[in-house]
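Trainee: Shown below is the structure under consideration.
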Amino acid sequence: SKREIKMRKLDSTKVRPLKSEQLLHIEDHDFALRPGFGGSPIPVGIDVQVESIDSISEVDMDFTMTLYLRHYWKDERLSFRSNKNKSMTFDGRLIKKIWVPDVFFVHSKRSFIHDTTVENIMLRVYPDGNVLFSLRITVSAMCFMDFSRFPLDTQNCSLELESYAYNEDDLMLYWKHGNKSLSTDEHISLSQFFIEEFSASSGLAFYSSTGWYNRLFINFALRRHIFFFVLQSYFPAMLMVMLSWVSFWIDRRAVPARVSLGITTVLTMSTIMTGVSASMPQVSYIKAVDVYLWISFLFVFLSVIEYAAVNYLTTIEERKQLKKRGKASGMYSMDAAQAMAFDGCFHDTDVDMDLSPFPDPCEENETRASQTNISNEDTPRLRRKRSLKGNVGRIILQNNHVIDTYSRIIFPSVYIVFNFFYWGLYM
């Protein structure tokens, strides 16, 4: 009734609220056009706060970064009256109704705006028409990496921002606060890299069909931590090379020992090289780690070839000695190498031997000698055994080829020189 309608009008608590669209006069303007259309380009300031660098991928040659991207511009169409000179803040629902800069990331592979619990978008409008537009974005972009010094490398990557539709005649991108426009979180850290520096720069990009565009750069340098690769690649390779040198100190007639050691070190080096290559992109140039591992592999391989040469020359020398002594035939006058092959025991040429045409194994002879009543002085084999105990060092030196003697000095010396040259060149 009329009385109820009158009472509602007198009720001051039921005042119809003003809508944001009405306060900003959104319906009165065509926001499909940029501010100041037809005039000078609109300046849009940018500042960035890097929250984290999530990952660096050598295989894909990209990086993933989470950042706060803020835009600053002035749109007089959004100005409003305010007695207290306060700004108004909105969420992402108003973005679709007004003009905002169309900034995108050049060379990006994928990116998204965080939407938990709602879209991480903030729009703040001031009475004079100044606008602050902020987003929280995660972006994965390309980084053109050079692995020629891997893993002693430093990678320079950049994230590039540019307007997609508006060239420099319509929109001018610039850093809002100069070099201070780029800020980073103090706790940013990576497992394999140390972040050396962050810097902001700007430039121009030309497209033949659309013209010149303003482009902003977020530059950062990453230096790789070397300790992980020292433990996983360099140190094992050093140990394998040094282990291969043990072959030079083993008797040249111990064929199974020296061959087994050489083959083991070669296979281990191959495994280390395969493991390093599996985690790297298949680039067409040589990396620093490839140089070190291949040189180390060459040292191990040469130690095997060295014994092949020693064994061959030893065989030739023994044949010449047998021919000179006129003992090339006959079982009663076998030399030390033939005796060792026959009865399984080592015999030195300077030690008295009492070999029968069909000698028994060493262990059977010693057991038989201990069971008989013959004195130890009258047993030639026991005399030989005591002589060996007192002259082990002399026998080892006499039974090593001259190549082994030189290899004990040349191989370590050359490898040490190589290491000094390598670390001095790449560090």
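Positions of Cβ are set from backbone N, Cα and C atoms, glycine also.
Residues or ranges marked as compositional bias 'Polar residues' by TrEMBL: 368-377. Per TrEMBL, the feature domain 'Neurotransmitter-gated ion-channel ligand-binding' maps to 26-225. What TrEMBL lists as domain 'Neurotransmitter-gated ion-channel transmembrane' is 234-321. For 362-381, the entry in TrEMBL reads region 'Disordered'. Residues annotated as transmembrane segment in TrEMBL: 226-247, 259-279, 291-310, 409-426.
Looking at the shown structure, what environment does each listed feature sit in?
Mentor: Packing against the transmembrane segment (259-279) from elsewhere in the chain are residues 58-59, 232-233, 236-237, 240-241, 243-244, 246-247, 250, 289, 293-294, 296-297, 300-301, 303-304, 307: each is 6 or more residues past its ends and has a CB under 8 Å from a CB in it.
Counting same-chain residues at least six beyond the ends of the transmembrane segment (291-310), those with a Cβ under 8 angstroms from any Cβ of the stretch are 233-234, 237-238, 240-241, 244-245, 247-248, 252, 258-259, 262-263, 265-266, 269-270, 272-273, 276, 401, 403-404, 407, 411, 414-415, 418, 422.
Tertiary neighbourhood of the transmembrane segment (409-426): same-chain residues 149, 152, 241-242, 245, 248, 288, 291-292, 295, 299, 302-303, selected by CB-CB distance under 8 Å and a gap of 6+ residues from either end.
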Trainee: Sort out the residues at least 6 away from either end of the transmembrane segment (226-247), same chain, that have Cβ-Cβ distances under 8 Å to it, and list them.
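Mentor: For the transmembrane segment (226-247), the sequence-distant neighbours (Cβ-Cβ under 8 Å, at least 6 residues beyond its ends) are 151-152, 192, 258, 261-262, 265, 268-269, 272, 275-276, 289, 292-293, 296, 299-300, 303-304, 306-307, 407-408, 411-412, 415.
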Trainee: With DSSP as the reference, give the number of residues of the domain 'Neurotransmitter-gated ion-channel transmembrane' (234-321) in helix, strand and coil.
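Mentor: Output for the domain 'Neurotransmitter-gated ion-channel transmembrane' (234-321) reads 74 helix, 0 strand, 14 coil.
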